[in-house]
Amino acid sequence: MKELKVGLLGVGTVGGGTYAVLTRNQTEIARRIAGNIRIVQVADRNLALAEQVTGGQVALTEDAFAVVNNPEIDVVVELIGGYTVAKELVLTAIANGKHVVTANKALLAVHGNEIFKAAADKGVIVAFEAAVAGGIPIIKALREGLSANKIEWVAGIINGTTNFILTEMRDKGLAFVDVLKEAQRLGYAEADPTFDVEGIDAAHKLTLMASIAFGMPVQFEQAYTEGITKLTTKDIQYAEELGYRVKLLGISKKTSEGVELRVHPTLIPEKRLVANVDGAMNAVVVKGDAVGPTLYYGAGAGAEPTASAVVADLVDIARLQGTKPEQRVAYLGYQLDQQQTLPILPIAEVHSAYYLRLRATDKPGVMAAITKILADMQISIDAMLQKEPAEGESEADIVILTHTTQEKTMDAAIKHIELLPAIAGQVTKIRMETLSR
Ligand code: HSE
């Protein structure tokens, strides 16, 4: 097997990790592929950092286009991130007949259809294991390990920053804003945490998993995205009292009406393994018709966990050298010409169970009025919790867990409940999933 020559774009956290893992485990990797993978050129705007990471062993440049246009290079590893320059670099590398490895979930979730088509036209590989759930080989599991199945649903904790924040909110009873500040101080959260805390990063990853699971093009613009910024410690504690944990879940289900593609805070029964995935860890549950539910757990970010996925993609490419495109696993699991553009359900059409919290004057008949509204809309109650009003207050918190109903039915019921004179303010609504079948 000939040597696989790699050009590395970006030596930040993941780029540095990739260089370190590939160098440290060179012998082990060479034993697996009966060949060699060698980084021959590195591009980074920070040449001093690139020098420090590579120890002067590799040709360095500030110009990423010099790498994607370098005829010596077989594979470009794109670890720059973002949609614009990264897209141009990836498309140029493909046009030059190079394989691409990327950790860029945003790029693929938004421009994946164009990128995979360009790659197919040139007969090159675009590998992206590191783009979803960092070091967890979930792309390989979905595309290969579960290929016998009709996938029914995928649900995952696929953003470590928000899982860290939610875990701290629960364990320490701290408010979202305070934990976010702490997470930024510790380097878990970015200075601009919008993509993480608003669920956008999770939606990028979910978009890719859903496409592979159901054999459809990427449709990020159709994803419903709701982050954790409005979650209160009160709701996390009440959920806990009722036997649930609150997690930011990315959920995609195939139903007879279409595909659900949604990211939002979700109550999960505490007895589910995935409910106990804490801190910055990630986990994905995949339900296949033959295998049943399967769970994948591990580090979703960080230098070497993410590098583990990048280097595994390089190992795959080394093994696939000389193969014809039709002998390889399709980019998104299904052959491009076999993809179906399944409709993505608007959130109003989705079916879910719900957690509702409302503040109500503590007097006779209030509960009866609320339950009548729910009964009239055919919404069945699963559990209820009423808290005594705090000292000197006349309003009490009421928490209601419902059985499954359609979101638009739930929203209509909430509107009616909010109109009751005894109800103060707005009803808090959080979706619930059992993740059991
Ligand atoms: N920011 C992501 C997270 C890691 O917090 O999980 C990179 O996708």
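Cβ coordinates come from backbone N, Cα and C, glycine included.
TrEMBL entries are annotated by machine, without manual review.
Pulled from TrEMBL, these are the features on record:
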- Lys205: active site, proton donor (ACT_SITE)
- Leu9, Gly10, Val11, Gly12, Thr13, Val14, Gly15, Gly16: NADP(+) binding site (BINDING)
- Lys105: NADPH binding site (BINDING)
- Glu190: L-homoserine binding site (BINDING)
- 355-432: domain 'ACT' (DOMAIN)
(request) To the nearest whole angstrom, state the Cα distance for the pair Gly10 (NADP(+) binding site) and Lys105 (NADPH binding site). (result) 16
(request) List only the single closest residue to Leu9 (NADP(+) binding site), chosen from the recorded positions Lys105, Glu190, Lys205 by CA-CA distance. (result) Lys105
(request) Helix, strand, coil: count each for the residues of the domain 'ACT' (355-432), based on DSSP. (result) 24 helix, 33 strand, 21 coil
(message) Sequence gap of 6 or more, Cβ distance under 8 Å: name the residues on the same chain that satisfy this around Val11 (NADP(+) binding site), in order along the sequence.
(response) Tyr19, Val42, Asp44, Asn46, Leu49, Ala50, Val53, Thr54, Leu79
(request) Note the Cβ centroid of Leu9, Gly10, Val11, Gly12, Thr13, Val14, Gly15, Gly16, the recorded NADP(+) site, then list each other residue of that chain whose Cβ lies within 8 Å of it, in sequence. (result) Leu8, Gly17, Thr18, Asp44, Val53, Leu79
(request) Any same-chain residues 6+ apart from Val14 (NADP(+) binding site) with CB under 8 Å of its CB? Would you list them in sequence order, or say none? (result) Leu79, Ala103, Ala130, Ala303, Thr306, Ala307, Val310
(request) To the nearest whole angstrom, state the Cα distance for the pair the residue listed as 'NADPH binding site' and Gly12 (NADP(+) binding site). (result) 16
(message) Limited to the domain 'ACT' (355-432), I'd like the whole-number average of pLDDT.
(response) 95
(message) I'm trying to understand the geometry here, so how far is the Cα atom of Gly12 (NADP(+) binding site) from the Cα atom of Glu190 (L-homoserine binding site), in Å to the nearest whole number?
(response) 14
(message) I'd like the number of other C-beta atoms within 10 A of the C-beta of the residue listed as 'L-homoserine binding site', please.
(response) 14
(message) With DSSP assignments reduced to helix, strand and coil, which class does Leu9 (NADP(+) binding site) get?
(response) strand
(request) Look up Gly16 (NADP(+) binding site) in the DSSP assignment and reduce it to helix, strand or coil. (result) helix
(message) Between the Cα atoms of Gly15 (NADP(+) binding site) and Lys205 (active site, proton donor), what distance do you get, rounded to the nearest Å?
(response) 20
(request) With Glu190 (L-homoserine binding site) as the reference Cα, tell me which of the recorded positions Thr13, Gly16, Lys205 is the closest one. (result) Thr13
(message) Using a 10 Å radius around its CB, how many other CB atoms surround Gly16 (NADP(+) binding site)?
(response) 22
